[in-house]
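Single-structure report; data block below.
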Amino acid sequence: MSPPIYAIMLSSLATGTIITMTSYHWLMAWIGLEINTLAILPIISASHNPRSTEAATKYFLTQAAASATVLFSSMLNAWQTGTWDITQMSYVPSSVLLSLALAMKLGLAPLHFWLPEVLQGSTLFTALIIVTWQKLAPMSLIYLTINNLSPTILLTLGLLSSIIGGWGGLNQTQTRKIMAYSSIANLGWMATIASIMTNIMVMNLLIYLMMTTALFSFLIVSKSKTIQDTTMTWALSPTMTIMMTFLLLSLGGLPPMTGFAPKWLILEELTTQNLISMAVLMAIFSLLSLFFYTRLAYTTTLTLSPNTLQTKFKWRFKQALSTPLMTTLSTMAIFLLPLTPLMLM
């Protein structure tokens, strides 16, 4: 894809998301979602191989179905209440339909099946866009309609996502699929807290975006598509290897890294709301996610894969991403825990 066309696609992607985030009319929100979906399809299928074409097809079908469900739920609500205002979603069947449609757009369990497959068929940079930028529009719709969405549905979707996100990532060897299940688990935590305290949800989303972008930056620079590839990152840069290890533990939610802050606050809030069993289950199933993050950290720092080649070093091709951005994001994704009270203000 030529640079001008690629720039047009990326700007259309940004425009679609911004239209959805700033609209108060359901038709405008739907138009934003459609622009967003249509802009990402050429980016996914740009590799010109059967896997990327399959990924683009799967992505289009699921997102089109979810957008159609959003439009249908808003039409039902307009029919019953006479308003197209996003914040006035008061008809209960419409709210249920909207919750399921947004869950499908985000990749929340049990509507998550498309996400690992689409990521596996994409390049690392495209996968980064799908698990970060593409989550902003549906999350903004959840934020705008949260007063009318069913807390029971959101809590159930959140718990299921944290279970399946942890369970699904255990047996994976591809880094893109691991990041897909990581995304499902993290979005499960956000869905859980969404109906209780939206400012924690927003903080969790920002920290998730920061950590995921930083980790994908490392994967892109080191060209690590499988777990075996990560065993060779020390030859590229020992400093990067150490930072990547801390970043993986931060994504797992271990103190004293930044990733511990949202999990700590969410568990505290669930306990305050007397949802003790929910908090216990979420904490237990987060250990599943922590296992595959720790396994990735172990292979990155402490393992050297058996190689038939005489050399242990990778060819040092030109880096595909600017190092200052990667350094800034990874530092923030590891050391921001002491600033947690300021983030909540």
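Including glycine, each Cβ sits where the backbone N, Cα and C put it.
Straight from TrEMBL, the features:
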DOMAIN    23-288  domain 'NADH:quinone oxidoreductase/Mrp antiporter transmembrane'
DOMAIN    290-344  domain 'NADH dehydrogenase subunit 2 C-terminal'
TRANSMEM  5-21  transmembrane segment
TRANSMEM  59-79  transmembrane segment
TRANSMEM  91-111  transmembrane segment
TRANSMEM  123-146  transmembrane segment
TRANSMEM  152-171  transmembrane segment
TRANSMEM  178-196  transmembrane segment
TRANSMEM  202-221  transmembrane segment
TRANSMEM  233-255  transmembrane segment
TRANSMEM  275-298  transmembrane segment
TRANSMEM  319-339  transmembrane segment
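Using a cut-off of 8 Å between Cβ atoms, the transmembrane segment (91-111) and the transmembrane segment (5-21) share fewer than three residue pairs, counting only pairs 6 or more apart in sequence. Contact counts against the transmembrane segment (178-196), taken as Cβ pairs under 8 Å, peak for 152-171 among the stretches 59-79, 152-171, 202-221, 233-255, 275-298. Long-range Cβ contacts of the transmembrane segment (123-146) within its own chain (Cβ-Cβ under 8 Å, at least 6 residues beyond either end) map to 13-14, 16-17, 20-21, 29, 32-33, 36, 40, 43-44, 46-47, 52, 59, 70, 86-87, 89, 95, 98, 102, 105-106, 115, 176, 179-180, 183, 187, 190-191, 194-195, 198, 201-202, 205, 209, 212-213, 216, 219-220, 223, 225, 320. Counting same-chain residues at least six beyond the ends of the transmembrane segment (275-298), those with a Cβ under 8 angstroms from any Cβ of the stretch are 155, 158-159, 162-163, 165-167, 169-170, 172, 175, 178, 181-182, 185, 189, 192, 227, 230, 244-245, 248-249, 251-254, 263, 266-267. Ranked by the number of CB pairs under 8 Å to the transmembrane segment (202-221), the listed stretches 59-79, 152-171, 233-255 are led by 233-255.
Across the residues of the domain 'NADH dehydrogenase subunit 2 C-terminal' (290-344), the predicted structure has a mean pLDDT of 74.
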